[in-house]
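*Asks:* Below: one structure in structure tokens.
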Amino acid sequence: RTPFNFSSDAPIQVTGSHVAQLSFSLDLTIFLILSLSISSQNRFHLQMVTRIPPSGLSELLLTILQRSGWQEGMAVLRLGWGATRWHLRALLNLTRAGPTESQIQDFLSEHFRGQGPSQILPPAAVLLFGADPECAAAVLRSAQDLGLTLPTVHWVLGYPLSPDTLHSIGLPLGLLAYGEVERKPLDFYIRDALQLVGQAVAAATVVRPDLALIQNMVNCYDKPNKHEVPSSGQYLARFLSNTSFSGLTGQVSVQRNLSRVLTSQRFHIWSLRRDAVGQPTWVTVGSWEGGRLKVEDQSLWQGPNGKGHDRGEGQRGGGRWQPGIPVADSRVRVVTLVEHPFVFTREVDEDGNCPAGQYCLDAGTNSSDMLESYFSERASGNSTFLPTDYSKCCYGYCIDLLEKLAEDLRFEYDLYIVGDGKYGASKSGRWTGLVGDLLNGVADMAVTSFSINSVRSRVIDFTSPFFSTSLGILVRSKDTAAPIGAFMWPLHWSMWVGIFVALHITALFLTLYEWKSPFGMTPHGRNRLRVFSYSSALNLCYAILFGRTVSSKTPKCWTGRFLMNLWAIFCLLVLSSYTANLAAVMVGEKTFEELSGIHDAKLHHPSHGFRFGTVRESSAEEYMKKSFPEMHEYMRRYNEPTTPDGVSTLKVDPPQLDAFIMDKALLDYEVSIDADCKLLTVGKPFAIEGYGIGLPQNSPLTNNVSEFISRYKSDGYMDMLHDKWYKVVPCGKRVFAVTETLQMGIRHFSGLFVLLCVGVATSLLTLAGEHAFYHMVLPRIRRRQKYKYWLHTSQVRWREGVCVNQRRVCVCLHVRVCLNDSKSVSIQ
């Protein structure tokens, strides 16, 4: 472990230290490669380098450290120096198999801490050189156990390693590593080497083709003469050393002093951070290529005093909590935001106390001095200075969790509600809401339904998530009147047409089967006075379809009876389906907006005044802005300041919104407590996220709180909180369809009453038609024998013919009746 300066000039000046001291100037390159043997610098012997040289690694490492804002730091080496040039007072040699984790901890504790047991050195950057993944993980785990992590110690891996080879769990957050990516195949280097020679020869040929193309004789024993014409090799060597181009491997050039052909290597720089669900993960923060550093995320660079973070002008990190202060018996200031069921508020009692819940201050300010004075007034017992409407009692899911953490970690806290009532967003370079209070040092902890996302994780820390959720879409029922033809809705119009077409076809076949059977009721059969006509078949089919119990003729032949039973089965199944769907379909009072999810066309292409929104400066708005910018631009006009305000816009009459997008955990609770049970979450969940406790960047509370939250999950305490605040509500277990069944009134069957009225009017017309047929058409049919084929449609004219002297005398069977033109009866 050796102190040194990070400056752009080499050699680097050495500063004094209580750990180790160098007696002369050095270059950072020596740190990277301890035994570097350079071949003879012969400009005629070029060597193409497929990997970055030590000088390039030192340049890369210096660029990373300077970009982070560090000017001096320490080095931890894996290999022993074995050289007389170095005089080290302390060296941890991991090459031998001797050191155990306890020995590593003793070494780090001795040289990274001050004289006191809890005194830690000022912030420093520590470089870990030449260590394989196992050794590096051992050192870093020991450092984390000793608390040698951010913001006190910033660890940097000094040798290229892929983050995939390191186990992210157990390593300190903020660890910087770098590794080469996009390795080119060998044939690319061969092609670039040939192209280098070709371009050099081509350039030389243009100037002196005689030297470039014609080899001259050279005597190696001749002394060099400055007036002598250079040889072909010397001439070409000058062009080779000055040739550079962009090839398959990147920028290709020749390093003159070392006669090496350098290619372009691309390195990615990673930082160990927490993801959206609180798990450690490697995040790409920059890339290095051709000696230039390209920063991809300004906010993820670690440095002294939080340098490099995108906090906004005038905002500082770290909060009020300083490293090294013990958690136990300390007082923490906690900020919260009212969001049911995680945080509720109620008024204090007459004495200004909270018989249930915890006292919280709702002063509507984010001034640290004002809050300090209010809490001091309350602690001293003099509450006259404090306005009465500022005092509230907070309770809920998160308050129970906060009480549990305070009990187990043995700390006290002052609780207040965020002044602007917002989660926080970056506005004109400044953060608002909960995030702003943490960054400005007003609060040490934010406890509410605080979504973990990448934007917030860049500027503050989150504990491991204590609640998993996603985004959802909330809609409400629409009050619509049932139309007059609602009774026909259970079946599609094509089904209605099919039923009546099938009825008439079945009646036709029943008539044909009966007339063609030797035992059927036909004028030529045994039952000629009881003829089964087509009208009889229609009467029978309608009676079966609608379940009538009136007297009707039934077919006598077996074929007709079999077909009649098949028709009865068909009607049973159709009517059962119709009855099952009738009540649900006819009720049009509770119809919900059908949305399949966030990708529904109604959201991406809103039409007919479809309105939807979310909460301003929330995680939901950030997700919509990042993932669906066009949709976000449309919905901005409908966004609401809080979740209750958004729900209220759905419940008012007429509703001001058609859909409201927010965390599903909050929407589910709003659905469950809806007194009218008109709200419903629809569509598939999207944007899975978690709720975590927010803390200032590099807060020492993060690891302690995360550990206890994980313990609460495993022992079932979090499940108990969920059951307490979600399963005691009236509408929480309802299952909704697109429509909801209610009691049906007379207006639901108004179409049937209209149908009866139309039927009565139609029957009057039918009666008039029967009289017209009887007096005008039937006499002509009786007079003409060729109209006999109308026999199967009616029995009227045949019964008229078998009456003698106007008496209703039935003719016996097997008697042939003939009707002549004189209307006399002759019996054969």
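Even glycines carry a Cβ here, placed using N, Cα and C.
TrEMBL labels come from automatic prediction, so no person has curated them.
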*Asks:* Among 19-37, 532-550, find the range that TrEMBL records as transmembrane segment.
*Replies:* 532-550
*Asks:* Out of S618, S619, S710, S714, which one does TrEMBL list together with S451, R456, D663 for L-glutamate?
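*Replies:* TrEMBL lists S451, R456, D663 binding L-glutamate, and from S618, S619, S710, S714 it also lists S619.
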*Asks:* Please give the L-glutamate site's span as the largest CA-CA distance among S451, R456, S619, D663, to the nearest whole angstrom.
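*Replies:* Binding-site diameter by Cα atoms for L-glutamate: 16 Å.
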*Asks:* According to DSSP, which kind of secondary structure is C677 (disulfide bond) found in, if we only use helix, strand and coil?
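*Replies:* In three-state terms, C677 (disulfide bond) counts as coil.
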*Asks:* Applying a 10 Å Cβ distance cut-off over all chains shown, what neighbour count does L595 (site 'Crucial to convey clamshell closure to channel opening') have?
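*Replies:* Looking across every protein chain shown, the total is 21.
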*Asks:* Looking only at C-alpha atoms, tell me how far R456 (L-glutamate binding site) is from K625 (site 'Interaction with the cone snail toxin Con-ikot-ikot'), rounded to the nearest Å.
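*Replies:* R456 (L-glutamate binding site) and K625 (site 'Interaction with the cone snail toxin Con-ikot-ikot') have their Cα atoms 14 Å apart.
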*Asks:* Which of the three DSSP-derived classes (helix, strand, coil) applies to K625 (site 'Interaction with the cone snail toxin Con-ikot-ikot')?
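*Replies:* Reduced to three states, the DSSP call for K625 (site 'Interaction with the cone snail toxin Con-ikot-ikot') is helix.
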